[in-house]
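Per TrEMBL, the features are:
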{"type": "DOMAIN", "residues": "17-265", "note": "domain 'Carbohydrate kinase PfkB'"}
{"type": "BINDING", "residues": "Met25, Thr26, Asp27, Gly53, Lys54, Gly55, Ala56, Asn57, Glu154", "note": "substrate binding site"}
{"type": "BINDING", "residues": "Asn199, Thr235, Leu236, Gly237, Ala238, Glu239, Gly240", "note": "ATP binding site"}
{"type": "BINDING", "residues": "Asp263, Thr265, Ile266", "note": "K(+) binding site"}
Amino acid sequence: MAASGEPGKQKQEDVAAVVVVGSCMTDLVSLTSRLPKTGETIHGHKFFIGFGGKGANQCVQAARLGAKTSMVCKVGKDSFGNDYIENLKQNGISTEFTYQTKDAATGTASIIVNNEGQNIIVIVAGANLLLNTEDLREAASAISRTKVMICQLEVAPATSLEALTIAHSNGVKTLFNPAPAMADLDPRFYTLSDVFCCNESEAEILTGLEVSSPEDAGKAALVLTERGCRVVIVTLGAEGCVMLSQTETVPKHIPAEKVKAVDTTIPYISNTTNLAFLE
Ligand SMILES: *[C@@H]1O[C@H](CO)[C@@H](O)[C@H](O)[C@H]1NC(C)=O
């Protein structure tokens, strides 16, 4: 799918197949032998900066799987924001609708991890919360012509809802990852989701049901399809996932291949390698 044609004129093959509307976070990670107490200053033995945020992680993963992608997001007009845009470009992602604002800092996750792998994390969403419906109207040319639009809940819910609405009304397949989960999710999120993909704890928060087995996950997925999602996928870590749809109403358990776990804290620590597609 090589891009061709004169600049300025967008041909069909120049349109991204996957558009992600979501978050970018700079991870500031310090490794220490133990976590500090209140008021205490301690020395760590290693520091690194990583590129994270659920939205950008999903976009990078889609790009690495070979899709032409575009990231609709907002970072600060600061060095973290500049570096983030460079990182997206290096991953072959279109930054045409990656906005920069002077009004807030680039989103950050300050993370301290001790030798046992326990961590404390402070997230400041910053510029992510300023991505607004006006920005989406500008990006509508990409959102309305893509194949798949993906969003999550690390930007303002109203923004994700608008992205889903634009995609849905243009016949674009929508994939919604309700993370981080909120119990009182606007019911339109369900009806606008072609694929609704959550993990077990998110399924619990959304349905109020306990989810600790593939069987439980099937029951939760049924509740979610009844709310209007076309397809529901509940991810279960080492147990794989359970899938259910409005047309295939018997839950299907898809086991995961056995792997040697290198790092189970993927949402934060391994963001540097952007391994997390859906979590
Ligand atoms: C599910 O995802 C959330 C992030 O939205 C994460 O905090 C939580 O640990 C995950 N739950 C499981 C069981 O992996």
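Cβ coordinates are placed from backbone N, Cα and C, and glycine is handled just like the others.
Because the structure is a prediction, the values reported are computed rather than measured.
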Other C-beta atoms that fall within 10 angstroms of the C-beta of Thr235 (ATP binding site): 21
Under 8 Å by Cβ from Gly240 (ATP binding site), counting only residues of that chain that are 6 or more apart: Pro214, His253, Ile254, Pro255, Ala256
All-chain count of other Cβ atoms within 10 Å of Lys54 (substrate binding site): 27
Max CA-CA distance, Å, over listed ATP-binding residues Asn199, Thr235, Leu236, Gly237, Ala238, Glu239, Gly240: 12
Fewest Cβ neighbours within 10 Å, where candidates are the binding-site residues Asp27, Glu154, Glu239: Glu239
Cβ-Cβ neighbours of Asn199 (ATP binding site) (radius 10 Å): 22
Contacting binding-site residues, sequence order - Met25, Lys54, Ala56, Glu239 vs ligand 1, Cβ under 6 Å: none
Spatial neighbour of Ala238 (ATP binding site) that is closest, considering only the binding-site residues Asp27, Lys54, Ala56, Glu154 and their CA atoms: Lys54
Additional residues around ATP, ordered along the sequence, whose Cβ is within 8 Å of the centroid of Asn199, Thr235, Leu236, Gly237, Ala238, Glu239, Gly240: Glu200, Cys241, Ala256
By Cα-Cα distance, the member of binding-site residues Asp27, Lys54, Ala56, Glu154 nearest Glu239 (ATP binding site): Lys54
Cβ atoms near Leu236 (ATP binding site) (within 10 Å, other residues, all chains): 22
Sparsest Cβ surroundings (other CB atoms within 10 Å) among the binding-site residues Ala56, Ala238: Ala238
Of Met25, Gly237 (the binding-site residues), the residue whose Cβ has the fewest other Cβ atoms within 10 Å: Gly237
Cα distance (Å, whole number) from Gly237 (ATP binding site) to Met25 (substrate binding site): 23
